[in-house]
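> Right, I'll just put the structure down here and ask away after.
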Amino acid sequence: MTTTKRPIALLILDGWGYRENTHMNAIFHAKTPVLDRLNAQYPHGLISGSGLDVGLPDGQMGNSEVGHINLGSGRIVYQELTRISKAISDHEFETNPALCDAVDSAINAGGAVHIMGLLSPGGVHSHEEHIEAMCRMAVARGATKVYLHAFLDGRDTPPRSAKASLSHFDDLFTTLGHGRVASIIGRYFAMDRDNRWDRVSQAYELITQGKAKFQYDNAVTALEAAYARDENDEFVSSSAITDVDGKVATLQDGDALIFMNFRADRARQITRSFIHPDFDGFERAVVPKMHFVTLTEYAGDITAPIAYPSENLVNTLGEVLQNRGRTQLRISETEKYAHVTFFFNGGKEEPFEGEDRILINSPKVATYDLQPEMSSTELTDKLVAAIESTKYDVIICNYPNGDMVGHTGNFDAAVKACEAVDTCIGRVVEALAKVGGECIITADHGNAEQMTDETTGQAHTAHTSELVPFIFVGRDATIDKGGKLSDVAPTILQLIGETIPAEMKGKPLIHIKE
């Protein structure tokens with residue numbers, strides 16, 4: 001057997017895809033001398049991070065949560081989007097016990113069924129087809145008061161694309177004979193994940209008190225007014241929608257509130273504001289005693305009923321390393337810290353034995369195009385120190401820049417973001433060379449390689465379905481073609497001389513030349 005090297009570092013360049021078309025391709029236009037040199041010098045290829053290869057529907061773009069679950073578990077994990085869509089088409093959804101209990105409790109109390117979530121066909125945090133199924137199910141079970149609190153996207157969808165969704169739901173409620181859109185607000189407020197409670201509080205007050213910056217009698221009118229104020233979907237101010245009598249619909253005691261987002265990271269904060277008795281993120285004027293249900297599992301400390309609990313993943317990379325007595329480090333900025341820990345560990349919150357974690361605070365700026373380098377220098381300082389300490393067998397690091405700046409739609413800033421990451425990789429590779437370590441450089445999904453929508457000409461702020469890079473900076477080796485994210489964990493185990501558990505269905509991609 002070949003002697004192994006340590007540490008092996010996995011560098012995940014978030015939102016860094018490969019695209020032939022160079023138009024508005026921030027990765028192509030960025031000056032990346034380090035990656036250019038590594039590509040010229042070391043074995044490299046492209047692997048898949050989207051669609052069926054990561055357990056999403058065919059053609060569906062990848063995302064960070066899905067990417068890290070596949071990277072860390074070494075198998076294709078069928079995602080909540082796919083699971084729930086299947087439950088709807090199989091008619092299992094309409095008899096889901098947690099959802100039925102919520103609707104029935106509201107009906108029996110003479111209350112309303114409130115449904116909140118990201119109203120979007122994006123499929124990253126939610127899918128509007130799931131929200132539609134929930135509205136239909138509530139009415140079918142006898143609910144006459146059904147209120148939709150719509151969070152608007154513009155990030156995993158074009159920046160101004162919510163009108164079609166809102167119009168569709170207006171028509172749906174007309175057809176059903178009950179229900180209406182009760183409020184709209186941008187995801188920037190409702191779905192913050194960086195403890196910016198001043199944002200979340202606006203969504204909370206909108207739903208619980210009808211307290212809004214604006215009030216309209218129709219959701220589409222509210223959206224058009226937001227566009228006139230130059231607010232894209234993501235940033236739409238809190239807008240309450242009144243009924244024919246000019247009344248707003250607020251969450252009351254005895255009501256049910258069903259949160260239809262299936263992705264956890266941006267659902268946690270607002271959920272805690274609704275259900276934690278000792279919540280202190282902001283002052284809550286009212287705390288309705290209601291029946292709260294989450295579509296999926298958001299966090300260990302969130303004890304609400306769950307419609308679709310997580311599937312238990314055993315023998316993920318982290319667990320195998322623990323069981324074999326290996327040491328590991330997880331490191332990233334705030335924005336992607338959950339991804340290299342919770343998601344990489346298959347949805348487990350607690351660190352494994354021998355697993356250290358380093359969290360670097362992301363900069364407190366309104367949007368990351370204002371600071372495209374983010375906290376990459378500080379992150380790299382800590383990463384280099386960890387490498388040089390020779391304390392770890394395996395290091396998992398995520399650089400968020402390509403994704404977080406890619407989401408702003410600002411091409412020049414995205415170029416700077418890529419250049420900042422390239423500089424950091426240079427320092428990491430140098431540190432690894434010093435201690436005889438190796439690294440794999442890859443990504444979880446694409447984003448920054450496409451900064452404009454070729455059809456509409458609007459900024460492209462969403463992820464892509466492009467292949468992502470896979471570079472091995474280490475011993476002389478060959479790389480298999482046609483790999484996917486789930487092949488990365490088995491590859492790492494093979495490189496450090498550990499056997500691959502049966503649960504990992506991925507295949508090692510790197511073959512060291514003897």
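Just so it is clear, glycine is given a Cβ too, placed from its N, Cα and C backbone atoms.
Since we're looking at a predicted model, the values are computed, not measured.
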> In Swiss-Prot, the residues Asp14, Asp444, His445 are said to bind Mn(2+) 2. Which of Ser64, Ser389, Ser486 is said to bind at that same site?
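Among the candidates, Swiss-Prot records only Ser64 at this Mn(2+) 2 site.
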> In Swiss-Prot, the substrate site includes His125, Arg155, Asp156, Arg187, Arg193, Arg263, Ala264, Asp265, Arg266. Which of Lys86, Lys213, Lys289, Lys336 does it also list there?
Lys336
> Based on Cβ atoms within 10 Å, give me the single least packed residue among the binding-site residues Asp156, Asp444.
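Each of the binding-site residues Asp156, Asp444 was scored; lowest Cβ tally within 10 Å is Asp156.
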> Starting from the Cβ centroid of Asp14, Ser64, Asp444, His445, which together make up the recorded Mn(2+) 2 site, report each further residue of the same chain whose Cβ lies within 8 Å of that point, ordered by sequence.
Ile12, Gly15, Gly49, Gly62, Asn63, Gly67, His68, Lys336, His339, Asn398, Asp403, Ala443, Asn447, His463
> Checking your reading of the structure: which of the binding-site residues Ala264, Asp403, His407, His463 lie inside a 10 Å Cα sphere centred on His445 (Mn(2+) 2 binding site)?
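Neighbours among binding-site residues, in sequence order: Asp403, His463.
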> Helix, strand or coil by DSSP: which one applies to Asp403 (Mn(2+) 1 binding site)?
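For Asp403 (Mn(2+) 1 binding site) - judged by DSSP and reduced to three states - the answer is helix.
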> Compute the mean position of the Cβ atoms of Asp403, His407, His463, which form the recorded Mn(2+) 1 site, and then list in sequence order the other residues of that chain whose Cβ is within 8 Å of it.
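Along the chain, the qualifying residues are Asp14, Gly15, Asn63, Ser64, Arg155, Gly402, Met404, Gly406, His445, Asn447, Ala448, Thr461, Ala462.
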> Taking the Cα atoms as reference points, how far is His125 (substrate binding site) from Ser64 (Mn(2+) 2 binding site) in Å?
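Cα-Cα, rounded: 11 Å.
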